[in-house]
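Features reported for this protein in TrEMBL:
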type: BINDING; residues: D:S63, D:N113, D:E157, D:N164, D:Y188, D:Y240, D:V258; note: substrate binding site
4 protein chains.
Amino acid sequence: MTYRKILEEIFTEVQPYFGKGKVADYIPALERIDPKKFGIAIATVEGECFHFGDAQEAFSIQSISKVFTLSLVFRKHGDALWKRVGIEPSGTSFNSLVQLEYEKGIPRNPFINAGALVITDILISDEKDPKAYVLNFLKTISRNDYIHYDQVVVDSEKAHGYRNASLVNFMKSHQNIVNNVDDVLDVYFHHCSIAMSCIDLAKAMLYFSNHGILPSSGERLLTVSQAKRLNAVMMTCGFYDEAGEFAFRVGLPGKSGVGGGIVAVIPGKLSVAVWSPELNPKGNSIVGMKALELFTTKTGMSIF
Amino acid sequence: MTYRKILEEIFTEVQPYFGKGKVADYIPALERIDPKKFGIAIATVEGECFHFGDAQEAFSIQSISKVFTLSLVFRKHGDALWKRVGIEPSGTSFNSLVQLEYEKGIPRNPFINAGALVITDILISDEKDPKAYVLNFLKTISRNDYIHYDQVVVDSEKAHGYRNASLVNFMKSHQNIVNNVDDVLDVYFHHCSIAMSCIDLAKAMLYFSNHGILPSSGERLLTVSQAKRLNAVMMTCGFYDEAGEFAFRVGLPGKSGVGGGIVAVIPGKLSVAVWSPELNPKGNSIVGMKALELFTTKTGMSIF
Amino acid sequence: MTYRKILEEIFTEVQPYFGKGKVADYIPALERIDPKKFGIAIATVEGECFHFGDAQEAFSIQSISKVFTLSLVFRKHGDALWKRVGIEPSGTSFNSLVQLEYEKGIPRNPFINAGALVITDILISDEKDPKAYVLNFLKTISRNDYIHYDQVVVDSEKAHGYRNASLVNFMKSHQNIVNNVDDVLDVYFHHCSIAMSCIDLAKAMLYFSNHGILPSSGERLLTVSQAKRLNAVMMTCGFYDEAGEFAFRVGLPGKSGVGGGIVAVIPGKLSVAVWSPELNPKGNSIVGMKALELFTTKTGMSIF
Amino acid sequence: MTYRKILEEIFTEVQPYFGKGKVADYIPALERIDPKKFGIAIATVEGECFHFGDAQEAFSIQSISKVFTLSLVFRKHGDALWKRVGIEPSGTSFNSLVQLEYEKGIPRNPFINAGALVITDILISDEKDPKAYVLNFLKTISRNDYIHYDQVVVDSEKAHGYRNASLVNFMKSHQNIVNNVDDVLDVYFHHCSIAMSCIDLAKAMLYFSNHGILPSSGERLLTVSQAKRLNAVMMTCGFYDEAGEFAFRVGLPGKSGVGGGIVAVIPGKLSVAVWSPELNPKGNSIVGMKALELFTTKTGMSIF
């Protein structure tokens, strides 16, 4: 069966899952999205790309940005990074602040908000213009110069960002934030507000599928070991409090965002991105998770 | 390089890691073990077996037994099982009881003690003689009729089992234990006290490496999907509060025990078991983790 | 206004509060109680006694027993006691086990179940027959030889005592229980199952109102300082997670039980006991709390 | 024995307790204080005032300000206030943020920082100039026009106020802060930075000792019931995680501050203020607590 055919079948089979979740409503800019949107794209390490539905439409990637910022910082700092952020799953969502308090301002992993704020803080220390830096990186790896910050989302995030402000101030009180808290929040909100399509994301994730090398240019972005290790972090920490469920049902390293996007990686083969805005109570796209479960079942691809 | 050679090299390279941990001391029966013990064994899906050091010596498998009891119960009950136990990583160890309290007696996953006690409770409801049942299963899959319960360890567990008694009573108060609490503890302590060698364990784990089929007999013990899914649970939950670290460094599904054993699986290829009694503060074998890290590095085998 | 008149008025004014709570239902023996029961009794340091309603009817004193066992142990061990149990309020009920885990098996105060189990453990170490010892003490201070253990309640407690079994095993695992866990539970459940009337309780509490001296005999049971201090512990810890609310509304040291009883003390003057089985969600008698609030308002008696 | 004599004796007897604690070091402005400072003052409802040592020297009252701001807000809003802040002790300090998270942004009581930030938010909504309003109130009740904000402390608080910024942002995310977070922090830090002497504080607290009436003017600031109730809140919540200990040892309603000050109230009789900068690990003045314990022992005054 061709990938094209598989994507079509998936679309048919996920129909019953529409209408069962809720579009993210914590900021007005996301609330307005059409809940019926659905896109899926595959990019192979050989350079092929397949897609279906609204795969060309840019949406708010939100926490998926955390994978890219982490890889930029990990590439530069290596294991020294883990002094400021852990790599363990975060357990129940109920204790996001509990654990941060118990562990004295060291976030459990780089994919919870607190952890990504630390990564952002490091980027600010390292780069003159951390917003342009990340955007340019994404343009390069997606081969798409139109990737941009969605200013409406940025403004909405800032107007409702009290919980993130709480986290960053808390970590600052534990000396785990170096820069000005408002600067950290500004850059962080920008990264969350990047707009990309499924096609962009599938291409952008390819260096994780290709042992650290960007297939389009042959450039090595991560060592083999680094690429493996970041895939491992995605596997254990990529889905908030649902990493176990995603591993159980889909069985691939990946990362989700509350914009309804999910990216996943089949090492050595391909990367896949799916978008459907309705979320389950844990913040992951319901249709997106089902689509990826069907994808691994239909292709027989799995890392296990 | 041959497996035999690789195992030798590993032994040489792990030398600096001896003496850095502590043999489990919560029960006298484990405390007495020689900390310098080291065994490693590989079993391939083609039927080959390689081993080095004390790989023929039986040791207390402790929590590694949880993998086998889980697979027996999952085979029978399927996804209905997940009503009584979750599949999410448990987060920091500090909140073992916190989470159980918050989540009203439903353990986070089947590999923390609370979860394994629920699995034991189900086995007791299902089987006439749950001790013989599990032992016979292990004898079959290891092809070793000498596998046995170590009665000294059983007695020691019972004499110091107050924390497990606390857990089982707590879950009973939440109606998540059906049988008599003393019966559950008795069977649970027996399973923890099984003595097996690295060779036994490597062979026993092969059905997880072989998509559910026992290579020695061709018998299907789990469906392809079930085997994948249990590998995923090992990946996200198999190392107490160190699942992220193990995934990051080793990158394989696996399970550890406080006896110093670790088993791991390379799907489609082989399984590996290592034993070294000195533990890190999180309860995992220091030398064992290093040995497995070296194994994946040297063989280039990885699921990522 | 006479006390008799005040008690009548209180009865009239609490009428609207009946039917708003729920009789304790965690054990069948308590569930059967008539929710309309209401008794109140006052005992003065001068030896007078006033009562109204069902004040002569014995009911299950439950956690009120904790005041008496604490005073017996404190009298003997003095401040050495506080190595094994704290004297701080317990915070939200949600974290009963959390705090015990965080604080390594040292209960926050002697009035939460964990703390009272430690007190019971000490009594068992000290006394040959801790059940008879406590019962005889209560008979003496209440001047009522008919006070007894309600065997139906004892049996019911034992049949549903998994949560207490969890607590005592947990503390045993932290070496804060010396005796056999089943013995501790047996004695503890007996103390909770003592049946006394409001009149008995009002008289029994008089040594707390009278600076440590039993008015009926002149016998000193506590030093002045000890009596003050135990009143302070009642004030800050006597009402589960509602100590602040009770202090705010009633303003007296006291102790409640899930049988619907509450005792309170006006130092230098009198003690008062009230009984009404319907509880609020925090486990305190709704009508009882209202009655005591009215009592302090009408008499103008307050410690503040 | 005269009060004067008692204060002298106390000073002699607390000598061994100097040097056992640590001056607050979370902000530089407090760190510089001479640890040997000691002042104590008594103000009676009859209008007398006794003092000893550095009782005329102004120091940073810090959290003692919370008593005054609470009384201003409670006087105006009555029990409607308790929708936004609780009146229960806060349990262990370890879970300050835990509880706020668990209880969805409603602080446990008005004397923990989160609670006082809510009180400040209400003051800002109510008053045109909440800084002048509180300062004028304190000048009136202390009869001292020189009471002022210590600008050095204000600046120091602001430069190190990340934890409070975390709290206020967290509550804002739960809609329990109405005003701009920076405004709330500004006013809050000002109130913490008020400089008063023991004599000022003893006089200022007299309306709590005198059932709500300011003795110097006869003005009623609180109803009898309100005064009682705020005394009850001080009793159960006035000493961070040491309310039980203070009640046990001293047995009076009171409030402490990390500047080393403690105020306490003997209803109907007097108020007392003590100052000694060295704190115990829970943030209360070591010498101050001992001084008050001696005061109640020597005078025989107690509410229990």
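Just so it is clear, glycine is given a Cβ too, placed from its N, Cα and C backbone atoms.
Counting only same-chain residues six or more apart in sequence, the Cβ atoms lying under 8 angstroms from the Cβ of D:V258 (substrate binding site) belong to D:A24, D:Y26, D:L30, D:Q62, D:S63, D:L279, D:G283. Among D:S63, D:N113, D:E157, D:N164, D:Y188, D:Y240, D:V258, the residues given in the record as binding substrate, the maximal Cα to Cα distance rounds to 19 Å. The Cβ of D:Y188 (substrate binding site) lies under 8 Å from the Cβ of D:A116, D:L117, D:T120, D:N164, D:V168, each of which sits 6+ residues away along the same chain. For D:E157 (substrate binding site), the same-chain residues that are 6 or more apart in sequence and have a Cβ closer than 8 Å to its Cβ are D:I27, D:A29, D:F189, D:C192, D:S193. D:N113 (substrate binding site) is surrounded by 19 other CB atoms, counting those within 10 A of its CB over all protein chains shown. The number of other Cβ atoms within 10 Å of the Cβ belonging to D:Y240 (substrate binding site), over all protein chains shown, comes to 21.
All protein chains included, D:N164 (substrate binding site) registers 23 other Cβ atoms within 10 Å of its own Cβ. Classification of D:V258 (substrate binding site) by DSSP places it in coil, neither helical nor stranded.
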